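What TrEMBL says about this protein:
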DISULFID  C33-C43  disulfide bond
DISULFID  C36-C73  disulfide bond
DISULFID  C398-C412  disulfide bond
DISULFID  C432-C689  disulfide bond
DISULFID  C483-C522  disulfide bond
DISULFID  C499-C513  disulfide bond
DISULFID  C530-C565  disulfide bond
DISULFID  C573-C604  disulfide bond
DISULFID  C578-C587  disulfide bond
DISULFID  C610-C615  disulfide bond
DISULFID  C612-C658  disulfide bond
DISULFID  C617-C627  disulfide bond
DOMAIN    32-462  domain 'Integrin beta subunit VWA'
DOMAIN    750-796  domain 'Integrin beta subunit cytoplasmic'
TRANSMEM  727-749  transmembrane segment
Amino acid sequence: MPGYLLPLTPLTFSPFVFNSEGNECIIASAKHCGECIQAGAKCGWCKDPAFLKQGEAVSTRCDELQSLVKRGCNVDMIESPKGERKILRNKPVTNRKKGGEKLQPHEITQIQPQKLNLTLRSGEPQTFDLKFKRAEDYPIDLYYLMDLSYSMKDDLENVKNLGTSLMQKMSKITSDFQIGFGSFVEKTVMPYISTTPAKLLNPCTGDQNCTSPFSYRNVLNLTSDGKQFNTLVGQQQISGNLDSPEGGFDAIMQVAVCGNLIGWRDVTRLLVFSTDAGFHFAGDGKLGGIVLPNDGKCHLEDNVYTMSHYYDYPSIAHLVQKLSDNNIQTIFAVTEEFQPVYQELKNLIPKSAVGTLSANSSNVINLIIDAYNSLSSEVILENSKLPSGVTITYTSRCKNGVVNGGENGRKCSNISIGDEVTFSISVTSKGCPNEGMSDTIKIKPLGFTEELEITLNFICGCDCQKVGINKSPLCHSNGTYECGDCRCEDGHVGRECECSSNDVATEDMDRTCRKDNTTDICSNSGDCVCGTCECKNRDNPEERYSGQFCECDNFSCDRSGNKLCGGHGRCECRVCVCDLMWAGSACDCSLDNTTCMASNKQICNGRGTCDCGICKCTDPKFQGPTCEICPTCPGVCTEHKECVQCRTFGTGEKKDTCEKDCSYFTLIKVKDRDKLPQPNDAAYPVMHCKERDANDCWFYYTYAVNNNTVKEVHVVDSLDCPAGPDIIPIVAGVVAGIVLIGLALLLIWKLLMIIHDRREFAKFEKEKMNAKWDTGENPIYKSAVTTVVNPKYEGKC
């Protein structure tokens, strides 16, 4: 497919904004255009021969694009090459349904594009999109690697019928499925196995008949014949070893690197690792006297690993590399006891899964199907080693609008067959890697054979350098005239390469760099190069030294309002040159008197003078921009009474129109009258006011116009109302008085009655004592006793 260019953003200039942290273009102190453009993506080189002013160094040609334009360099004279992206192969992703057109694996496309050419400018990222779509009915190769130590005896019986059963299950996922089988035990050296002749023939105890121990054996190459799988697996015998951990890592390494012997195709590759024990890894070989690191190469002879006694176990990192290089996804089918161990191993191996194997491996088919679905539902991008100075970032746009960045930007999860996801990939270089030589990197989804190949080209120089004139007379034949200036050969310096570097520091040359025979060379603001001052650069591109002796600058002038020359002029050789209608050492004095014109068309209301656009009132009691305000004049309190009342208390005649009519002053509430501004304390006149509302309540406030001509009202936030009669105490007092008077009267009456009774009783007692009673019998008194005499009684006993 012919290549084509992606659209690039046109060169535009925005208003200049200075980065206070420093200008990388100026900091670079570039001596030629190539150095300049490598300093940063914002840097440009002005190749206009007349651009430099007296005293400016060649490095000042390198600056941010906006600054160069502002300093007078025409856009057409600026060298600032841009990177580009060119797609070389862009085959669309495959869209087909299961049972449709039969395609070979290499005819199926799951990533787009497939080949790119990027031209990188230092600091300028090049971004492109990578599509990924899971193809339906994609071929699968599955290799079953089984531990044949004695503890797996029961499991082997269930694996013998795995081929046809797994074929039936996988037919629902793909119509192109291959399966293979391999087994492992342990290294054939002590102390992993017993090396006695009898044990080498039969490592099992008792009457158990076991096969000789081995490290790894490829039993069946990948095939689509499930019955052949059952037949060959049915012929396998259990073996044995001494220690609990097994040599499974040796087997995994050989399965990964012996692709041609095992029959791996460029399709989805699954490795099922079935065991009920742990594993040996790099360093454990020392127990058997094996110290050579694993070389990561294929050593199968007659389908048997022959170098287990010679090379150590591979490390986990080594396995990760080989599994990734060969696009193999691993499924660890292990017993529940070792599930946590292999779960930790899974975290170290990308695109791997762990399933819990039943005691006799009866659930192995469902375990494989579940693990495959888990692995295939996630896509993770990885890239090959990057050149020095090149960085790459990923942003994923997954299903349901989910966007991830950072490390998660490499992956998307929960992807179903037919789903399409997009990754935004950005590649950035710093400087000029590989001395400008092109390089190639590859990006691919883990576990897939397809990949994106990217050729990186680096911009290390400018186009104007290609047409430079070597040994130019403009450079005294001591340099190359390029990009508007001389690039001197080694041993020569000066604007035109006119001096030898050995003569730079002579006294005669330094003398010409001193102003008025002072001791300061170039006013301590530059370097004397070949008898001419080259002024130093400053981080701020707006600030520059200039002049024959670097005695001038454009940043040391007077300031007003924290602005150089008040923002109304330019600084030339440390003196402000003011704009029209502005004067003063800092251009802060306006000569325009329209700001002093009052509404009556008089300057300052006839009460002051206009000085630098500001009224200075001759009568101190007047204030305001045009001396129109008199805060202490009679009537001020009455004028503002209604507005103060409505804004503070929500009452008064203007309470309905308060927001509209009374927003002309700033209201400040205080707690009591002592907090009000006092005339002697304020720096401006203050009027104290006392007004009464409709309820005969008093409120207190002050009115003033501060030095910023802002009207201020300070008001006490509580009313001072006259105290009315307190009804409750009065009623209570009356009631209490009546009760007390009644009680007093009762007590007096009672006292008088007691006194009267006592007097009467005393009088009675006295009369009683003085009375003389007759002792004779009362003639009308009749006794209550009647005496009767018995006539028969004679007085005898």
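Glycine too: its Cβ is placed from the backbone N, Cα and C atoms.
When pLDDT values are averaged over the domain 'Integrin beta subunit cytoplasmic' (750-796), the model yields 78. Here the candidates are the disulfide-bonded residues C33, C412, C513, C573, C689. The one whose C-alpha lies nearest to that of C617 (disulfide bond) is C689. Annotation for C610 (disulfide bond): spatial neighbours N593, T595, C596, I603, C604, K616, criterion Cβ-Cβ under 8 Å with sequence separation of six or more. Here the candidates are the disulfide-bonded residues C432, C483, C530. The one whose C-alpha lies nearest to that of C573 (disulfide bond) is C530. Comparing CA positions across the disulfide-bonded residues C73, C522, C615, C627, the one lying closest to C43 (disulfide bond) turns out to be C73.
Using a 10 Å Cα-Cα cut-off from C483 (disulfide bond), the disulfide-bonded residues that qualify among C33, C36, C578 are C33. Relative to C530 (disulfide bond), the disulfide-bonded residues with Cα atoms inside 10 Å are C499, the candidates having been C36, C499, C627, C689. Remark: of the disulfide-bonded residues C33, C483, C499, C604, C658, the most isolated position is C658 (fewest other Cβ atoms within 10 Å of its Cβ). Only C522, from the disulfide-bonded residues C36, C412, C432, C522, C587, place their Cα within 10 Å of the Cα belonging to C513 (disulfide bond).
Spacing of C627 (disulfide bond) relative to C615 (disulfide bond) is 7 Å (Cα to Cα, whole number).
Taking CA atoms as the reference points, C689 (disulfide bond) and C398 (disulfide bond) are 71 Å apart. With respect to C73 (disulfide bond), the closest of these disulfide-bonded residues in Cα terms is C578, chosen from C578, C587, C612, C615. Considering only the disulfide-bonded residues C398, C565, C658, C36 (disulfide bond) has C565 as its nearest partner by CA-CA distance. With respect to their backbone Cα atoms, C432 (disulfide bond) and C522 (disulfide bond) stand 35 Å from each other. The disulfide-bonded residues listed here are C398, C522; among them, C522 has the most other Cβ atoms within 10 Å of its own Cβ.
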